[in-house]
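Q: Have a look at this one.
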Amino acid sequence: MAIFKILVLLLSLCCFSQAQLSPTFYDQTCQNALSTIRSSIRTAISRERRMAASLIRLHFHDCFVNGCDASVMLVATPTMESERDSLANFQSARGFEVIDQAKSAVESVCPGVVSCADIIAVAARDASEYVGGPRYDVKVGRRDSTNAFRAIADRDLPNFRASLNDLSELFLRKGLNTRDLVALSGAHTLGQAQCLTFKGRLYDNSSDIDAGFSSTRKRRCPVNGGDTTLAPLDQVTPNSFDNNYYRNLMQKKGLLESDQVLFGTGASTDSIVTEYSRNPSRFASDFSAAMIKMGDIQTLTGSDGQIRRICSAVN
């Protein structure tokens, strides 16, 4: 009964936010909003292609902490801890300045209209598309929070050593199912990880990691030191959005433990990974659907929250 009540609550929250959000939300109030954001994001990624992964991750880290409300953008104050300082974000999350630049560009044409939360969501879509990923309609109309939630960030952002059960339960609490989990994890076809996050995988086990892959990665990630050294999550096509991530998992070449647990355990995720490795169109379609679904998590709409003037501070 308790689980049923939780599912009903999640469904009601999701459906209410969906009723408030729409791809055409700004058509009458700021017709150039989405094109202005797109131009700003494309400029940023053209300067640093890795930024695409950072922007997708930023949207994920925003939505998983008390909903898609741009709380991740807020800097600390004497009375508020910042999510930027949480375990999963500190010296790791990136793209804040890109969102700030996009916000400034939008403010110059439509002051006080477009939320930072919407800019983050649109930026993630535009980033995906720019590096070869799918283009999907982003529903907009979110409003920004007036608080940050560091404790929730420490609790609800996935750990790089998370088990499949931990990940599945976390995603379920956010209203996302197993297919959503596997599809969204495919964003790790892009980006890089610090040595600290995969050192344990290289040196503490040998059962679920390809020996050659492990040997190669150890060269730049020694057992002692080098914790901040970066390595691509997908060694083959690190800057292109494709389905190679899933082929890597099938070959025991997932860089993070939380990636490799999706394949090889006999769980239901095995068949989804196999499907995506063989059918890039299905992966692209499911990734788009999961991103839209994630963007509906616990949004602020109507008169809730505010439209921040700058994304790093409440009005």
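Quick reminder: no glycine exception, Cβ is built from N, Cα and C everywhere.
Straight from Swiss-Prot, here's the annotation block:
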type     : residues                          : note
BINDING  : ASP62, VAL65, GLY67, ASP69, SER71 : Ca(2+) 1 binding site
BINDING  : PRO158                            : substrate binding site
BINDING  : HIS188                            : heme b binding site
DISULFID : CYS30-CYS110                      : disulfide bond
DISULFID : CYS63-CYS68                       : disulfide bond
DISULFID : CYS116-CYS311                     : disulfide bond
DISULFID : CYS195-CYS221                     : disulfide bond
CARBOHYD : ASN205                            : N-linked glycosylation site
MOD_RES  : GLN20                             : pyrrolidone carboxylic acid
SIGNAL   : 1-19                              : signal peptide
SITE     : ARG57                             : site 'Transition state stabilizer'
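On this model, are these features tucked inside or out on the surface, and what's nearby?
A: Just so you know, the Cβ of ASP62 (Ca(2+) 1 binding site) picks up 30 other Cβ atoms within 10 Å once every protein chain is counted.
Counted within 10 Å of its Cβ, the other Cβ atoms near PRO158 (substrate binding site) come to 18, all protein chains included. In the three-state DSSP classification, PRO158 (substrate binding site) falls within coil.
All protein chains included, HIS188 (heme b binding site) registers 22 other Cβ atoms within 10 Å of its own Cβ.
For CYS110 (disulfide bond), the same-chain residues 6+ apart in sequence whose C-beta sits under 8 angstroms from its C-beta are TYR26, THR29, CYS30, ASN32, ALA33.
Taking the Cβ of CYS63 (disulfide bond) as centre and 10 Å as the limit, one finds 27 other Cβ atoms among all the protein chains shown.
Mapped onto three states, the DSSP output places CYS311 (disulfide bond) in coil. Listed in sequence order, the residues of the same chain lying 6 or more apart from CYS311 (disulfide bond) and placing their CB within less than 8 Å of its CB are ALA70, MET73, PHE96, ILE99, ASP100, LYS103, CYS116, ILE119, ASP144.
With a cut-off of 8 Å between CB atoms and residues at least 6 apart in sequence, the same chain places CYS195, PHE198, LYS199, LEU202, THR229, ALA231 near CYS221 (disulfide bond), listed in sequence order.
According to its DSSP assignment, ASN205 (N-linked glycosylation site) is coil.
Taking Cβ-Cβ distances under 8 Å and a sequence separation of 6 or more, the neighbours of GLN20 (pyrrolidone carboxylic acid) in its chain are GLY141, THR299, THR301, GLY302.
In the structure as shown, the Cβ atom of ARG57 (site 'Transition state stabilizer') sits within 10 Å of 22 other Cβ atoms.
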Q: Looking only at Cβ atoms, how many others are within 10 Å of the one on CYS68 (disulfide bond)?
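A: That number is 28.
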Q: Kindly assign CYS195 (disulfide bond) to one of the three DSSP-derived states: helix, strand or coil.
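A: In three-state terms, CYS195 (disulfide bond) counts as helix.
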Q: For VAL65 (Ca(2+) 1 binding site), just count the other CB atoms lying within 10 A of its CB, please.
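A: By my count, 28.
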Q: Among all chains shown, work out which of the disulfide-bonded residues CYS30, CYS116, CYS195 has the most CB atoms within 10 A of its CB.
A: CYS116
Q: Excluding ASP62, VAL65, GLY67, ASP69, SER71, please set out which residues of the same chain place their CB within 8 Å of the center of the CB atoms of the Ca(2+) 1 site, keeping sequence order.
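A: Not counting the recorded site residues, we get CYS63, PHE64, ASN66, CYS68, ALA70, VAL72, GLU83, ALA117, SER145, PHE149, GLN298.
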Q: Tell me the Cα distance separating PRO158 (substrate binding site) from SER71 (Ca(2+) 1 binding site), rounded to the nearest angstrom.
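A: With distance taken Cα to Cα, PRO158 (substrate binding site) is 17 Å from SER71 (Ca(2+) 1 binding site).
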